[in-house]
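Features as listed in TrEMBL:
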type	residues	note
ACT_SITE	Asp147	active site, charge relay system
ACT_SITE	His206	active site, charge relay system
ACT_SITE	Ser548	active site, charge relay system
DOMAIN	33-103	domain 'Inhibitor I9'
DOMAIN	139-581	domain 'Peptidase S8/S53'
SIGNAL	1-20	signal peptide
Amino acid sequence: MSLNCLSLLLIALMMNPSLITQSAASSAAADKVYIVYMGSANPAKESAINSMLKRDGGRAIDPLRTYRHGLSGFSARLSPEEAAAIADHPHVISVFPDESYKLLTSRSWDFLQELTEYNDVVPLAGPIRPGFCTSSPSSGLVIGFIDTGIWPESESFKSEGANSNPPRGWNGTCMAGADFNITACNGKIIGARHYVTGTARDWAGHGTHVASTAAGAAVGKASYYDLATGTARGGSEFARIAVYKACNDRLRCKGSHMLSAFDDAIGDGVHVISVSSAPDEVPSRSPYFLRDPVAIGAFHAVERGITVVAGAGNTGPDPASVFNDAPWIITVGASTIDRVFRADVVLGGGGGVVKGEWLTFPDLDRSPIHPLTDGSTAKEGNASYLAASDCQQDSLKREKTEGKIVICEVKGKDPTINLLTQANEVQGKGGLGMILVDDVTRRVAEYSGDFPVTVVSSREAVKLKSYLNITVDPLATILPTVTVGNYRPAPQVSYFSTRGPSVNLPNIIKPDVIAPGVSILAAWIGDDSESTPKGRKPPSFNIISGTSVSCPHVAGAVAAIKNAQPSFSPFAIKSAIMTTGSSLPSVLHHP
């Protein structure tokens, strides 16, 4: 699709003014922040902006942010009446509330290399070598990350081997802030801007993980407490990094901040933009693109030759659940890789082993000496059997769970019930650990604290329940997590990854591509106590999952292609990625 076609698409969406401006809330509603979008950047629109801000007969409007590098517009605190009046201005395309978006929270690149070798595909950058989706040490490619910032001291962002001179055409800056000096920009990190928290430093970990996945330098013997040990590296390890901290430490991103980040990234001269955020709900049909900061920012980035990669969302697997579905964005779903993290259950009396998965470091005896029960057996008097089986809050009786490992089940998709609330109920009633039977939400392995937990499938639970029912004094233990490689089938689309088609444009198939997004090891912040098991130092690397993890895999590949083929447009790069896939041999699909 050419940029002319994109322009025609936007014009078609704009033809019906009644679709563009959202109806105001009640006239009694308090003022709130709105985004005023005025199309492509044009100096002639500055006077129009000034006239709107200094309206005759009304109060002067103080803009919170203005957009002028790639797009025109501003954000400001307005009353519904003021927003409606501004929407009628001939230079205004849309006016919409400034809403909050959520972030879509090593071995993966080796696995992609393995798939490439099976398919006999030679990347555009040349013969396969470690870190095959890579760039040269002299690379002038810059990837911009709109996220939670960066932890510059990570080994993944070391400057050794990086060209200290800024690439040609780079106009960015390194903004100092709290605990973030301009010396953090070291030749590898060449730009940093912040729109929240007063610093580009990452206090959440997400932005650091994402940046190192796409463009991190090679770090040997990386692991999460000896799990997933290997060399961690980005897909384009010599690409430069520009940080745009638009998301806060609670992983929320204001639309106006993201638009500022897009606008600055365009002005700074990045070549690729990685963005891993989405609204809380699947948007309504067109003209949603005229009210979506990611779609708007991405459109104007692509208009300037910048490829934009975005996560598809984590609320699958229902059809038409995909986010970031604008046709000018490379939308990325998440897949598994050939590695799992096993935390098995050993049953007493020769009862065998039940396969489980989770990241856990239990302080339990490795021999099966701990009493075993299940939630329904340990029911509190007034609780229902369903609630007790689920280990819902206040459903278990302490006298029946204290000193025992408790089997809990997931019976449905109640958003108020999750692994943490279930584990808290078991732990709060004196339990030693929890075995969660879950085929409903299909949780992927993550660290959830010091309390021993593992997750088993209903198929594995058959053995577990049979043992529990026929054994007079059932015993068990939960083993510490170990890494298991060469797991098949792989890759598979992850259960949580959203599916198409696009709600806004049903004739558009989305996501465009899948990439590793399950249990991926990458750099982390240096002071995260929540990811640190008891008695250990904070990790330098962490394992997380989500389409926000698969997104930077593709961003790294985009940078490698752009490095090898500088003349490729964003759509040529998108085509190269989408059309070079092929069916995998059966050896990759079956144990």
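Note that the numbers count up from 1, one per residue, in the order the chain is shown.
Backbone N, Cα and C define each Cβ position, glycine as well.
Bear in mind that TrEMBL entries carry predicted annotations, made automatically and left uncurated.
Of the recorded residues, Asp147 (active site, charge relay system) and His206 (active site, charge relay system) place their C-alpha atoms 7 Å from one another. Of all the Cβ atoms in the protein chains shown, 30 others lie within 10 Å of the Cβ of Asp147 (active site, charge relay system).
Each residue in the domain 'Inhibitor I9' (33-103) gets a DSSP state, and the totals come to 17 helix, 29 strand, 25 coil.
Under the DSSP three-state reduction, His206 (active site, charge relay system) is assigned to helix.
Secondary structure at Ser548 (active site, charge relay system), as computed by DSSP, is helix. Mean pLDDT for the domain 'Peptidase S8/S53' (139-581) in this predicted model: 94. Across the fold, the C-alpha of Ser548 (active site, charge relay system) and the C-alpha of His206 (active site, charge relay system) stand 9 Å from each other.
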